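What follows is a single structure, written as structure tokens, with notes after it.
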Amino acid sequence: MTHPDQQPVPAEETIACEFESFGLSADIVRGLKEAGFKKPSPIQEQAIPFVLAGKDMIAQAQTGTGKTAAFGLPVMSQITQNGGVEVLVVTPTRELASQVSTELFRLGKYAGVKTVAVYGGQSITRQVDLVNKGAQVLVATPGRLLDHLRSGRLKGFAPKVVVLDEADEMLDMGFLEDIEAIFEFLPKKRQTLLFSATMPKAISRLGEKILNQPVHLKITSGATTGVDIEQRYYVIAEHERTDATVRLLESEGPDRTIIFCRTKRETEALSNELISLGYVARALHGDMDQKSRERSIGAFKNAEVEILVATDVAARGLDVTGVSHVINYHMPFDAESYVHRIGRTGRAGKKGVAITLVSPFEFRSIKRIQEVTGAPMVVDQVPSIKDVETLQDQRLVQSILESKVTAGAQRVLARMEQEIELKALATKLLSMIMEKTLVSGPDQIGMRPVEIERLEKRSQGPARPGSGGGSGGRRPFKPGNFHRAGKKPYPAKH
């Protein structure tokens, strides 16, 4: 209870007090206030004091928990501005390197911190020039960093703090040997921080090699999914994947969507099909050149593209706000991948929807993921044409009711009233609008409840040879595996 003579403390002062209590510099606190930080996250609360104390650390924390600020705020508070790179951050992908560099600059700009991102696909000469012109923080991918170190281009390179971000992703991508080689070039006297969403044995062994009496932190309870994410799966035949995807886009009317595919070929084929149906879609996969990748990500971030069709590797480290839906076109390989994928939605207090398409051959896999994550997944039916038409009608009515009346519309209406009665005019206008939103594909897509029930019973028995997630004679994805006509639905109203 506030005393009558006391004035309430402004929210921004409360924020400052919470972060200043760690001993962060005033300039860093100013940067994080401007960046919109409200209060320390669990990983920040636990990690910042140890990092400020100079301790080595191995921290297990999921993507999206505030890891960048957890190491960035304390290390940038202690930068001496004596010249040369003082902080090295190693990330698995170009996209993550760019995002981490941008985030650290945003938080440290009032402290005069200069950051540089170094990764493949850019001019080597320009990268070296930027590093040698006084950058205190270098964020790099393993391959390009090792290339610079072996060539001797980075003069006097002796960072005081080294951070491995998303270490398990680097392991999965085959960078373990590169990481070990990088540490051969680093000073023995250093502070090392290792962050990983999971802790496989190879990462634990790496920690034993590079860390000195580290503090161990574990945030979250392993592979768990966000409470703000509604999770559903649909059991479909292999050849129905694209039909089901389009039907669900039509029924959901999402804002921004990421669709995960397994191969670059699938991303290209599916994105092309969606474009042909009137959607604004882009593919994102590892074989794209750097400029194309950056264009796709930039367009999606800026809401110029509504659907990003991506592979897991290409989307690693992707941090975009406002993603309303994630669709797993194919099942992820394991629970951790599932958590990483759907974690792209339901962020910053917003609700999200995660949809997974499951073939009968993958049914056991979705059940395993559900068991491991404790995810409240619900099996659902792909809506029929009539179901979607009903939803679209409701959205159209709501959209009309919420639309503002413009002077131009009133002017045109006044002219048309002399030529056609209002009921006929309204019918013609609705016909024009609804002609562009025809529902595509066959009426029934996916298995019915009775079929799913039988599948559920079979899945509880011993697995049959060849039924554990192999191809099982499934028909591969081809653009011509389905038939439809139609265009995109009305946007959903939220």
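Glycine is no exception: its Cβ is also placed from the backbone N, Cα and C atoms.
In TrEMBL, annotation is done automatically, which means it is predicted and not curated.
Note that the coordinates shown come from a computational prediction; the quantities given were computed from them, not determined experimentally.
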Of the ranges 17-45, 75-103, 133-161, 423-451, which one does TrEMBL flag as motif 'Q motif'?
17-45
List, by number or range, the same-chain residues at least 6 past the domain 'DEAD-box RNA helicase Q' (17-45) whose CB is under 8 A from its CB atoms?
9, 11, 52, 59, 61, 65-67, 69-70, 73-74, 76-77, 106-112, 217, 219
Over the span of the domain 'DEAD-box RNA helicase Q' (17-45), count residues by DSSP class, listing helix, strand and coil in order.
17 helix, 0 strand, 12 coil
